[in-house]
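TrEMBL has this to say about the protein:
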type	residues	note
DOMAIN	A:9-61	domain 'HTH myb-type'
DOMAIN	A:9-61	domain 'Myb-like'
DOMAIN	A:62-116	domain 'HTH myb-type'
DOMAIN	A:62-112	domain 'Myb-like'
Amino acid sequence: MGRSPCCEKAHTNKGAWTKEEDERLIAYIRNHGEGCWRSLPKAAGLLRCGKSCRLRWINYLRPDLKRGNFTEEEDELIIKLHSLLGNKWSLIAGRLPGRTDNEIKNYWNTHIRRKLLSRGIDPTTHRPVNEPNTTPKVTTISFTARNIKDEEDQKMINVKGELSGLSQEDEISSNSSQFQELLCPDLNLELRISPPYQQNYQNDQDMKQSPRCFACSLGIENSKDCNCSKNNMGNIASYDFLGLKTNGVLDYRTLETK
DNA sequence: AAATACAGCAACCGCCTTAGT
DNA sequence: GACTAAGGCGGTTGCTGTATT
């Protein structure tokens, strides 16, 4: 027996949203804010499932959405993030302000897949399409941060993730500079993922000048997503391997940015 | 001009995770 | 710890507009 439906299907509208429904939803959220999607439809006078309202708001009505065509810069960023994260669309979307996971997923399936194939790169594995298939190998990665407060934090920070799709031979070949150049010219895909090299700064001044943001770590300095120059408020920030801002301690919880 | 194929994308579905009890 | 409700996510579907025949 499966779980009960999230709402009473008999009395809910389905399919495309009308302008009036959009307006009702926007008005309600403006007045009451997001939250409790289950009760929202009734409260807002909508004959919709709560999930449907949430999707409509997040993917289409939210005021901070960018809309419009993806830039070349965004394309490359998505490709790089996908090579690291796989189909974790929400995580990828979290690194592209104004873009939604659904939008990125659709864009990937309709544009980027084709783009990569035309470059001779398998969009799933990010490896050349003519490379022989090898048995996938699961690789465990772990991060251990220093200066953690207590054992509980230690447990939370020791993240074990999995990166699949590389065999041992692949691991060796993927270390060749030629191969890496082919995949992403400025992205190190070495499997041993660890906290980024921490420079030993002589003083705070050096430290303030040096932290690299996510955009820079991906090789797109001077982009609009570059935060380096914005971080001049005296706060000493650093960035984890995905470029998420930390206060010097890697916290996997910040991976979820939505 | 009509029929068909294709591309793009909004929306749905079902599963998983999380929070509350 | 078990159970339930709700939120969130990724895969998939199906509608609509455009291109091609």
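A Cβ is built for glycine as well, from the same backbone N, Cα and C atoms used for every other residue.
Averaged over the domain 'Myb-like' (A:9-61), the predicted model has a pLDDT of 85.
In the domain 'HTH myb-type' (A:62-116), the DSSP tally of helix, strand and coil residues is 36 helix, 0 strand, 19 coil. Each residue in the domain 'HTH myb-type' (A:9-61) gets a DSSP state, and the totals come to 34 helix, 0 strand, 19 coil.
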